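Enquirer: From TrEMBL, for reference:
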type: DOMAIN; residues: B:25-466; note: domain 'Amidase'
type: ACT_SITE; residues: B:Lys79; note: active site, charge relay system
type: ACT_SITE; residues: B:Ser154; note: active site, charge relay system
type: ACT_SITE; residues: B:Ser178; note: active site, acyl-ester intermediate
Amino acid sequence: MNISNQDVQHVAKLARLNLTADEELVFTEQLNAILQYAEKLDGLNTENVEPTTHVLHLSNVMREDEERESLPIEKVFANAPEEEAGQFKVPAVLE
Amino acid sequence: MSLFDYTLSEIHNKMNGGELSPTDLVDQAFKTIQERDNRVGAYLTLDEEQARATARKLDDKLKAGGERGLLFGLPVGIKDNIVTEGLRTTCASQFLSNFNPVYDATVTKKLRKADSVILGKMNMDEFAMGGSNENSSFHPVRNPWNLEHVPGGSSGGSAASVAAGEAYFTLGSDTGGSIRQPASYCGVVGLKPTYGLVSRFGLVAFASSLDQIGPITKNVEDSAYVLQAIAGYDSMDSTSANVEIPDYLSALTGDIKGLRIAVPKEYVGEGVDPVVKEKVMDALKVLEGLGATWEEVSLPHTEYAVATYYLLASSEASSNLARFDGVRYGVRSDNPANLLDLYHESRSQGFGPEVKRRIMLGTYALSSGYYDAYYLKAQKVRTLIKRDFDQVFEDFDIIIGPTAPTTAFKLGEQVDNPLTMYLNDILTIPVSLAGVPAVSVPCGFAEGLPVGMQIIGKAFDESTVLRVAHAYEQHTDFHKNRPTIVSE
C-alpha cells in the first residue's frame, strides 16, 4: 500500500488540517514508512479472534435524572476566544 | 544532603518532631528550581504564590496537631495534561497556551485532599505524543544525568524534575510507556497502574483505551504512598474500575521468597543493548538471592506491539483531538474566512508536527475502506498480545525485563525518523495494550546514564509489583545515586 500526495491531501481535509507543501511531502514519506511497517500485522492470522476495544468490562456511568445546577455561565466562557450575548461567537455560516 | 533525599516517612517523622515544616519544603523546592531548571527545563508553569499560601495553611495545621493527609506538605509537580483549576494547563501545545481550567481533575483533587502542595505544571511532549520530550512546543527537557541527552517522554518533565530534586514527586501519564520510559532514562521510579485503577477524569485524552495516570518518585515506598492517595473508583470516569483498593504500604514486606518470575526472551533479545541486558540479569541475581526463581518464557506477539499501538493510539488521538477547533477554548486563528477555515487554520497553527502526523495516521486508519485493514486488525492483534500475558501469568507471579532497549539517546539524534523513535517503546507498549501494571526501577548505569528494570504484574496486582520493586531496592543503592547537577 502506497500513500500518494493526493491521499495525504484528502486525509488532511478530513482531519481539518491545512498542510504546507513541505508538510505534505514529509507526511507522505513518513506515513508510507509507518504503514509499511504496520503491514507486518497482515502476516498474522486473526480469523475468529475477537477485537479488544478495551481491557476492562465497561458499563456507562448513570445518575438519577434529577435537576441540578449547571456550570456557571462565566466559567463556561472563561476560555472562549470570542463570545457575545451568552454564546460562542464564530464567523457567519449563512450570508 | 538535601531534604529531597529523605524518604516520605523520614520527612513525616521530621515534621512530627518539629524539625521541618511544609514551608521549609516549598522554600527548598523553589530554590532548587531557580538554581537548576534553566538547564533542565522541566517546568512549564510555576504557581509559587498559591504553593506558598497552601504551605502556610499546612504549617498551621501541623502546629494545631489536627489530622493530616497521606502526602502532607509534599511539593508535587503535575504533568501539564492533567487539569488544575485556575492553573494554566497547556499539554505543551501552542493550541492551549492560554487555557486555564475551570475545574480540577480527580487526581488533582485527591492530591489536594492528601495535603500535598502543587508547585506547578511539568513539561511534556505535546499532547503526550512522543518518546523524548523534544516535541514540547515550548522547549525541550534535558536529562539531568547528562544535559546533552533526552529525559525520555512524554512525561519527561515529570521524571527529570524528580531526578534533579526540583519536586518531591510528580504525576505523569502513560499511554505506551510515557511514565516508565522517562523514569528509566532519568533513574527514578515510575509506576503505570492497571488501566482503570486511577481516574482519568480531567486528564486530557490522547488514546482513551490506553491512557493511565501514575506517580514518578525517587523510591518505591514513595510510589506506594502516592498510589494509595490517587487510586480508587470515580463515578465521573466511565472507564474507572470499581475494585477494592488494598493497603499498598503494607505490601512492602521485603519478602519475595518463592516468587516465580518470568523473563520474556523477546525482552532480552535482539535490539536490546547488551549492557542494558547485563544490568537486568544482574538484578535477577539479586532477586534470586532473596528467594525468587526465574525462567525464560515467550511473549510471541511482542514484535507486533509497536505497529498495533501506533494504529490504535493514533486512531483514538485523531478522534479525541477533533474537539480542538478554536471555538470554545484554546487559540483561534486570526481573521478566518469562514467557519471551516477557522477550524482548519486554528488546528494547523496550534498543533505541532508530531501531533499532526498522528492525527493524519489515525484519520487514515479510520477512513472508509481502511478501517478493517488497519484499526480492526490492530484491535484483534491486541487480543493476541493480551492473551500472551494471560498465559504467562497462569504460571508466574511477575514478568521482568528492561524498561527500554537502550539508555537515553542524545537530543536531536532520532528526531527526523519517527519510526525509529517509536521503536524505543517496544518494551513498554505491550504492557499498555494488555492494560496490566508495571513499574520501572533503577538497576544500574551505562556510561553514566541510568538503566531501568521493568516489573510487570497481573491486572490490579500493584501490591506484588511494588513488593518486588521494594525488595530489590532494599538490596541495591542505584536509586540513591544523584546526577552531578544535584551536587553542584
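Placed from the backbone N, Cα and C atoms, the Cβ positions cover glycine too.
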Enquirer: Measure from the CA atom of B:Ser154 (active site, charge relay system) to the CA atom of B:Ser178 (active site, acyl-ester intermediate) and give the result in Å, rounded to a whole number.
Expert: 5
Enquirer: List the Cα distance (Å, whole number) between B:Ser154 (active site, charge relay system) and B:Lys79 (active site, charge relay system).
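Expert: Checking the Cα atoms of B:Ser154 (active site, charge relay system) and B:Lys79 (active site, charge relay system) gives a distance of 9 Å.
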Enquirer: Specify the count of other C-beta atoms within 10 Å of the C-beta of B:Lys79 (active site, charge relay system).
Expert: 31
